[in-house]
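Peer 1: Feature annotation from TrEMBL assigns active site, proton acceptor to E278. Summarising the annotation, TrEMBL assigns Zn(2+) binding site to H277, H281, E300. The annotation domain 'Aminopeptidase N-like N-terminal' is assigned in TrEMBL to 1-170. Look at TrEMBL and you will find 205-406 tagged as domain 'Peptidase M1 membrane alanine aminopeptidase'. Per TrEMBL, the feature domain 'ERAP1-like C-terminal' maps to 528-847. Annotated site 'Transition state stabilizer' per TrEMBL: Y362, in sequence order.
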Amino acid sequence: SGAAKIEITVTEQTSSVILHSKHLHITKAAIEAGAGGARSVQEARVLEHQPFEQVALLAAEPLQPGHSYTVSIHYSANLSKSLHGFYKSTYRTQDGELRVLASTQFEPTAARMAFPCFDEPAFKARFSIKIRREPKHLALSNMPIVKTVNIASWLVEDHFDTSVKMSTYLVAFIVSDFKSVSKITNHGIKISVYTAPDKINQADYALDAAVKLLDFYEDYFSIPYPLPKQDLAAIPDFQSGAMENWGLTTYRESALLYDPEKSSAFSKLLITMTIAHELAHQWFGNLVTMEWWNDLWLKEGFAKFMEFVSVSITHPELRAEDYFLGKCFDAMEVDALNSSHPVSAPVEDPAQILEMFDDLSYEKGSCILNMLRDYMTADVFKAGLVQYLQKYSYRNTKNEDLWNKFFFQICPTVDTDENELQGDNFCRRNKQSSSAVSHWTNRETLDVRAMMNTWTLQKGFPLVTVTVRGKNVHLQQEYYMKGVDSPSSTEYLWHIPLTYITSKSDTVQRFLMTTKTDVLILPEEVEWIKFNVGMNGYYIVHYGEDGWDHLIDLLKENHTVISSNDRASLINNVFQLVRIKKLSISKAFDLTLYLKHETQIMPVFQGMNELIPIYKLMERRDMDDTANQLKEYIVNLFKDLIDKQSWNDEGSVSERMLKHSLLLFACVRGYQPCVDKAQEYFMKWQKSNGTLSLPTDVKTAVYTIGAQTSEGWDFLFSKYRLHSFDLEKEKIELALSLSRNNDKLQWLMDQGLHGDIIKTQDLPHIIVFVARNPSGYHLAWTFLKRNWEELVGKFELGSSSMAHIVTGVTNQYSTRLQLAEVKEFFNSLKEKSSQLRCVQQAIETIEDNIQWMDRNFEKVKTWLQNKKL
């Protein structure tokens, strides 16, 4: 039960106050006017409008302009059974005792499930929170406790300090029996990590990372962190990865807890990046907040981008920059569909708001910011950010507010009289400002807003075609869209910061392309030219005439002449061009031949990401001969690299992540030396009854091979249930999902839905793992159809969890029958479900797969028969 008091000021006469409230039972509401002796209280009648999640308090006497009032509401509710609002979470102690805690997840629209409020980001307020609890528990909130009052022998009341001015979605509180470890940052902020008592020994890595990162951000932004403390809490049941509540960030256990003995290299990277993301939000999002959810990318794109900026400095050994580009390829995957949306796009209801939490707001947002930083130089970019944060602290912003701050970085105020500022937003390159952008080829004006609007207000991305004729480089840009020969939106135009290197010069040349076509003139003729250096730009490149042949020869002869990111981008681009019929599939396969000599993580991963889905499409259509030939080809490409992998935990984080993926790939594809070794490890591990310590980076491969037998599967599952294997749950889930036994796969998904042995938070991953399993893909689809309403109840319509399930289950379909079945099911649902963006994405992806297979299957078959490895 609770009581909410809200201080309001009335600007025009009204008889009603409309607030958000969802699943709250309001027992009493009143509106107070005046203070002290002049105080008057009137009871308010309460009306509820459930479709809008709102209540109206009706006052008998109208509220007068210029007066302040206090609205007070008494209410009760049940702890939410889902993973949002004020919800119940459970964990088991080492002795198997089940314990309960209550925690919150309000973003985007669930604060209204915990207390009546103006639940929109622009209604910022200060919050004073009091919580009553049993003495055996501990309460946490955004601010520190200022005092605790004994109410009864079995009940105490904690009073938390008043918060700074902030949005409702950032309010948080937890009632639990957690333990904590703490440290003080260089700037004097107390950082604590809270976990279930038995797991506190896994909190040290996160604590040290948080201290380093918070110090980094305070220095980088030149704005002090405004609260006295920052708590990081590991919540046993948590839907997303983490949440940036101001002063009390919350995490999935796997995104915060680390054990040097048991955790993988990937786990260390994930934890560091997640903490970096949530702490970046303390400035981007918390201090400065988007006015409405249409500009969600302003905080999510930034936090994603700042992960990479901060971690590459605080933890250089993790090589965060190696993984950044993969994110841009992920974003392009959805951005190339007609169902894509601009990063800044209108949204109105809670489901649409949730849908904004997608790869475009996060990954595309971060990629276009990275492109802008590369374009403006890091220093100018940083100065613009700092000005933006300083100007809008404790306020709300829109897309253009940000560009205006960058614009003033390049147009310094020294000289901005009427002559300097021309038109709306142009800055003539005067003496003071030229240094910032002089590394861009001769352009009179630099208009950041106009440039960035082309990336944030229109969907999709450009394809730049480069044709070299002598010293002339002909450039042409067009809209890249899958499945459409020539998109109707030909009027799309981007301002593209092009970069290139050539066979004659590895100095990066820069050129801003703002027209549909353009010509560059080189100082001398070249053998090859590579655009989008380091893949810093959010665009793909096609090399006309014999341009690709020169690059393929370069990779064959001496691939290290260009960087590993450049090689990864060539692999990605060549396959994207096959999708829109610009290149033949045999040309793309010719390029992959060089991978036999590749050792770097980004190009190897990119090669696997392009090739594996192709044979997955074939597997789903029972084209086993060709699928097996292709599998064999991929294994052969990486065979030397696989054979070189040591079955231990040595190497840098990148090398260890590469090892984990390669060994898992080799074992699942049945590469015998790998299978034999994994079997041997599994037998020893089973003999020791699970006490033998396996190297962390090979565990997934070992578990997967072990789980192929019924007895091995049961043994592995018996370990899954033990407290000591908590950190390995995700690895074991993957291994169990790769079984060929349908009954076991079905049971696994049913348990995830039930939520007792397997936590419901893990169910989306399990469904997708089963869908990727050739034996399980039809089971996953049937499961999704049968349990649709229940899944929506647990994960919410529009959430990224639901999108992950829908696209993950269907994205390897490529027959007209499967397409018809998917369409029929979603059309049978209520309009809200059938109109979901993820459903449109799923349908478009299947259509694209059908076209791809129709066009390319025979060609791949022929190429594989003639290949020379």
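All positions are counted from 1 along the displayed chain.
For all residues, glycine too, the Cβ spot is worked out from N, Cα and C.
In terms of burial and nearby residues, how do these features look in this structure?
Peer 2: Close to E278 (active site, proton acceptor) in the fold, though at least 6 residues off in sequence, lie L232, A242, M243, E244, T249, Y251, A303, each with a CB less than 8 Å from its CB.
Looking only at the domain 'Aminopeptidase N-like N-terminal' (1-170), the predicted model's pLDDT averages out at 96.
For Y362 (site 'Transition state stabilizer'), applying a Cβ distance below 8 Å and a minimum sequence separation of six or more within one chain yields W297, E300, G301, K304, K327.
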Peer 1: Compile a sequence-ordered list of residues in the same chain as H277 (Zn(2+) binding site), six or more apart from it, whose Cβ lies below 8 A from its Cβ; state 'none' when nothing qualifies.
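Peer 2: Listed in sequence order: A242, E244, A303, K304, M306, E307.
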Peer 1: Excluding H277, H281, E300, please set out which residues of the same chain place their CB within 8 Å of the center of the CB atoms of the Zn(2+) site, keeping sequence order.
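Peer 2: Here the nearby residues are E244, E278, A280, F284, G285, K299, F302, A303, K304, M306, E307, Y362.
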Peer 1: Would you count the other CB atoms within 10 A of the CB of H281 (Zn(2+) binding site), including those on all shown protein chains?
Peer 2: 25
Peer 1: Once the chains shown are all counted, how many other Cβ atoms turn up within 10 Å of the Cβ of E300 (Zn(2+) binding site)?
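Peer 2: A 10 Å sphere around the Cβ of E300 (Zn(2+) binding site) contains 26 other Cβ atoms.
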